[in-house]
Every structure is written in C-alpha cells, then in structure tokens.
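Annotated features, as they stand in TrEMBL:
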BINDING   8-10, 34-35, 56-58, 61-65, 132-135, F139, R142  4-CDP-2-C-methyl-D-erythritol 2-phosphate binding site
BINDING   D8, H10, H42  divalent metal cation binding site
DOMAIN    1-154  domain '2-C-methyl-D-erythritol 2,4-cyclodiphosphate synthase'
SITE      H34  site 'Transition state stabilizer'
SITE      T133  site 'Transition state stabilizer'
Amino acid sequence: MRVGIGYDVHKLVPERPLILGGVTIPYERGLLGHSDADVLVHAIMDALLGAAAMGDIGVHFPDSDPRYKGIASLKLLAEVKAKLAAANYEINNLDAVVVAQAPKLAPHIPAMRENIARVLGLLPAAVNVKATTTEQLGFAGRGEGIAAYAVCTLQRAAG
Ligand SMILES: Nc1ccn([C@@H]2O[C@H](COP(=O)(O)O)[C@@H](O)[C@H]2O)c(=O)n1
Ligand SMILES: C[C@@]1(CO)OP(=O)(O)OP(=O)(O)OC[C@H]1O
C-alpha cells in the first residue's frame with residue numbers, strides 16, 4: 001500500500017467560471033489558472049502522482065505548454081489514471097477537502113464525487129470530498145482564493 005498527499009491553491013477572480021471536481025458552480029467569481037483551475041482535481045492528481053513517486057502535475061502538464069491552456073482538469077485526471085495504470089498501480093480510495101469561505105459547496109459534492117469516480121474507474125464510495133470554511137481567517141477566509149487537500153492510497157495491480 002502506498003499513500004500520497006496533494007495540496008493546491010488558486011486565486012478567485014471575476015469573469016472566470018468556478019469549476020470544482022468538474023462541476024460548474026454558480027458564483028460571482030471563478031479560479032484563475034492556465035487550465036480550468038479546478039483546484040480540487042489538481043490536489044487529487046498530485047496525491048495520486050505522489051503515491052506513485054511520479055512527481056507532480058507541473059512536471060507532467062507544464063503551465064508553459066499551450067496544449068493545457070483552458071483544458072478541463074478531468075481530462076488531465078484521465079491522463080494521470082493512464083500513467084498509473086501503465087506503472088501497474090490501481091487506486092484504492094481517495095479523500096479530499098476543499099477550503100472555501102464561499103460559496104456553499106455541499107449541494108455539489110455528490111456530482112463532484114461521481115465525476116471523479118467515473119474518470120478514475122472507481123465506485124463513488126471510494127471517493128470522498130468534503131468542504132470547510134476557515135471561519136473567515138486567512139486568504140481562503142477573506143475569499144481571495146480556494147485551496148484543496150487530498151490524500152489517496154494505491155496498490156500494485158494483481159498479476
Ligand atoms: N464552502 C463550504 C464550506 C463548508 N461547507 C459545509 O459547511 C460545513 C461547516 O463548515 P465549517 O467551516 O463551518 O466547519 C462543512 O462541514 C461543510 O459541510 C460547504 O458546504 N461549503
Ligand atoms: C494544471 C496546470 C496545467 O498547465 O496549470 P494551472 O491551471 O495553472 O494549475 P497549477 O495548479 O498551477 O498546476 C500547473 C499545471 O500543471
């Protein structure tokens with residue numbers, strides 16, 4: 001069994017969609033990034049790559065590469081899954097927390113879990129997503145950005 005951890009932060013700005021776990025969430029601002037800036041999926045990818053000792057998303061999908069401009073992070077997640085499979089790893093489970101003062105994310109979490117599980121070929125029960133505020137403390141609490149943490153476990157595929 002191997003464990004990995006991921007962490008990412010993106011800035012909230014006007015005139016960008018807010019996409020978390022592949023779900024477009026109605027809000028007055030969205031996350032800034034080279035990709036769609038889906039901070040939750042980025043943290044999950046870093047956890048998966050970390051568990052396999054395969055570096056991080058910046059190594060695999062450089063933000064200097066125009067192929068990734070505006071790309072849906074779920075597509076990058078599918079690429080990470082393929083890289084893990086090529087290295088003979090399968091995913092046991094993952095857990096994540098999104099740190100956002102607003103908007104209220106709980107109603108969108110089932111759809112996030114379904115998206116992530118579908119792309120990774122897992123049951124939704126193997127994918128947990130949580131949300132928390134920081135009680136208005138720090139950059140997340142001031143609404144300047146959103147952070148996400150993720151952990152996962154992998155094992156070598158049988159055979
Ligand atoms: N952006 C968020 C943040 C939190 N939630 C839900 O509210 C619960 C309480 O949050 P606290 O930060 O006050 O502990 C939390 O457990 C989440 O279920 C949310 O939906 N969206
Ligand atoms: C996802 C990538 C893709 O170019 O770009 P960003 O959306 O800027 O996200 P970041 O978390 O900075 O990770 C770097 C890149 O891999």
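In case you wondered, yes, glycine gets a Cβ from its N, Cα and C as well.
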Check the recorded positions H34, I57, D65, T133 for any whose Cβ is under 6 angstroms from an atom of ligand 1, and report them in sequence order.
T133
Result for ligand 2 contact check over binding-site residues D8, T134, R142 with Cβ cutoff under 6 A is D8
DSSP three-state assignment (helix, strand or coil) for R142 (4-CDP-2-C-methyl-D-erythritol 2-phosphate binding site)
coil
Mapped onto three states, the DSSP assignment of D65 (4-CDP-2-C-methyl-D-erythritol 2-phosphate binding site) reads coil
Please list, in sequence order, the residues in the chain of D8 (4-CDP-2-C-methyl-D-erythritol 2-phosphate binding site) that are at least six apart in sequence and whose C-beta is under 8 Å away from its C-beta.
V39, H42, A43, D46, A147, A148
In the structure shown, with every protein chain counted, which of the binding-site residues H10, H34 has the densest set of Cβ atoms within 10 angstroms of its Cβ?
H10
